[in-house]
Amino acid sequence: TIQWYQNDIEIKSTTKQKIESKPDGTQILTVNRVDLTDGGQFKIVATNPQGTVTSTCNVDVLMKPKIDGKVQDVQTVIDEPAELNVKLSGLPKPKIEWFKNGQPLIIDNKRMKIIEKPDGVSLIIDNTQLDDKGAYTLKATNKAGEIESPKISLNVTAVQPKLKSDLQPTLNVTKNEPIVLTIQADGKPKPQVNWFKGNEEIPVDQPGIKMVEENDNTYKLIIDKATEKDQGEYSAIVQNPGGQIKTKKTNVTVTKSPEFVSKPIDTTVKQNETATIECQIDALPLPKITLLRDGKPLTPKDGIEQTFDAVNHRLIIRVKNARVDQSGTLTCKLENPIGSTETSFKLNVTAAPTISKGLTDQECLLGKELRLTVVSSASPQPTVKWFKNNVELKNVGTKANDDTYELVIPNVKPEDEGAYKVVITNPLGEQESQCKLIVIEPTDIKCDFPEQQTIQVGKPIKLECHVNGRPQPEVTWTKDGKEIKPSDHIQITKNPDGTCSLTIKEATPDDKGVYKVVCKNKLQTREAQTQIQVASPLKFNTTLKDTIAQVGQSVTLDVDCEGLPKPTIKWLFNGQEITTSAKYKIESKGSLTRLTIPKADLIDTGVYEVVVSNGLETIKAQSKVDVCIKPKVEGKPTDINVNIGEPAKLQCKISASPAPTIVWLKDGQPLKPSDNVTPHTEPDGTQTLIFKSTQMTDKAMYTCQVTNVGGTAEVKLNLNVQQIKPTLKSDLI
């Protein structure tokens, strides 16, 4: 029996796999329309009773390489990977070759690798470069044939540089310190950086300069030691095939705080010669140079010059025609915006003593401090001696400062007056200066008289005072501002002990006034004064009298008084002061004073008083003034006719002020009131004589006599008493 196997699986005859046996014993297995599943190991097994034989063979199913689908062009950025993919089939597995621009591509399996995939193959290019750009093709070959893929275009582009960190606008660097300019820039491919100073590119190999590239895309320009010549404007250009970019410009300044490389040294020079002092300085920017003495800048009049050699940084200080007053410690101060420094040195000018300010004559107040001062320059330092009246003064004198010497007398006394001298000596010579001291004292005055005094006429006036002062003051007496000269009436004396006096033997009224004594010397003028009143007792030559006046009349009150000082006069009415007005007129002439009431009225009645005073005494006088209205009959009184036995009234109306006294007369004789006849006065001034029952004896002429201080008035009234003729009230029958 015959059995066929494919990959150890028995095959049965089908339309796909047809098994045939020829008569001659040939065994045939026919596989129709071969496909990939038909490959493998085929085995035939023949078996009979005698045994079994086997024969095997391998059948490979071939398929010509074939490109499946379309290839895609690839776009990438430099340094990025690129993957070129081709979908491919073929049996046996085809051999792959890659071509670039028609030329075989060498695959190093490092940067370039071929990756087989189930459905094809890929060409991987790591870190693509610009020269990787081109047209790529794939050639696949196997036993069945070969095929070449369509072209795949690989486009590799560069990324223009971009600044991540730019230069700063300014950079300040300390001299001899490194200058480091730093930028950060990205770009593909990695950019190249070129550095510039101004418009000139900085060579890479310039000594002292390094151009550094660090891993984080940082680029640095490093100048090891900054110098003045390194100042300027710096920039960089960053470029790659993708383009270029310029950095901002940075202005680099190199600075240094001032420093003395070599310091000025102490120098000694003779007077009138030239001293030269040098020093070396270093500073950026160049410093301001100031020479000082005692903290104050020197001026041209100090005679010390300075010049600066900016190239060599050398300062030269020259002292021409050196003077002793230029000796001392000088300070050289260097300043720039970065800092400052200073150093001091001594200049010593040797010379014999010279006196630039000598002693001068002095006047000093008694008890005050005196300073005799001399200004002298000398080198070396001199010895100084003081003399009074050519006698050396021991343990006196002080040195106020480098060139000033003083003799101090703290409390000047009269015995300090005299001639003073100072002698200044050093090994090179000697100088002296002299002066006179005069001790002076302000004027002082003590007076034995009061500020005000009163002297009686005929009594002596004596004013005394004591004056002193250095020099002795002049004494002048004045009265009311005019100088008094000695005369027979006035005696003026001045004694050596300072006692001064003014005497008037017998005071007169003309001696009253303000007396002043004036004491004067060159320092001060002092004065004292007294006001003298020459007095005589006050008295009235004529005095006031009581006065009676009618309403409307003028009233005049006169008083004549005298006394010294001249008195003041005051008028009072009922205790109240009166002054000149429309109501009153007050006049004074000499010792006479008059008070006039031009038109008197009833209200002017009262007590008038004159008060005479001169500040020393007061006298007074009074006058009683009565202002009255003279009695006056009002209307026309009438006579009265009555029958005997009837009552009667005689009446008249009288006006008067003050109230008058009333007297009734009967036939010229005073009437005595009785029970039958009584007088009566009404408030309105009506006067009434009342008869209760008239009698024949009452018949008469009656007179009402009215009297006051103003005068008298009379009213005559007749009372007629008539008898009644008898009448028969009842006759005889």
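The backbone N, Cα and C atoms fix where each Cβ goes, glycine too.
Automatic prediction, not curation, is the source of TrEMBL annotations.
Per TrEMBL, these features apply:
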type: DOMAIN; residues: 65-153; note: domain 'Ig-like'
type: DOMAIN; residues: 161-253; note: domain 'Ig-like'
type: DOMAIN; residues: 258-350; note: domain 'Ig-like'
type: DOMAIN; residues: 353-438; note: domain 'Ig-like'
type: DOMAIN; residues: 442-533; note: domain 'Ig-like'
type: DOMAIN; residues: 537-626; note: domain 'Ig-like'
type: DOMAIN; residues: 631-720; note: domain 'Ig-like'
Exercise for review: May I have the DSSP-based helix, strand and coil counts for the residues of the domain 'Ig-like' (442-533)?
Suggested key: 3 helix, 57 strand, 32 coil
Check your understanding: Per DSSP, what is the residue count of the domain 'Ig-like' (258-350) in each of helix, strand and coil?
Key -> 6 helix, 60 strand, 27 coil
Check your understanding: Which whole-number mean pLDDT does the model give the domain 'Ig-like' (353-438)?
Key -> 91
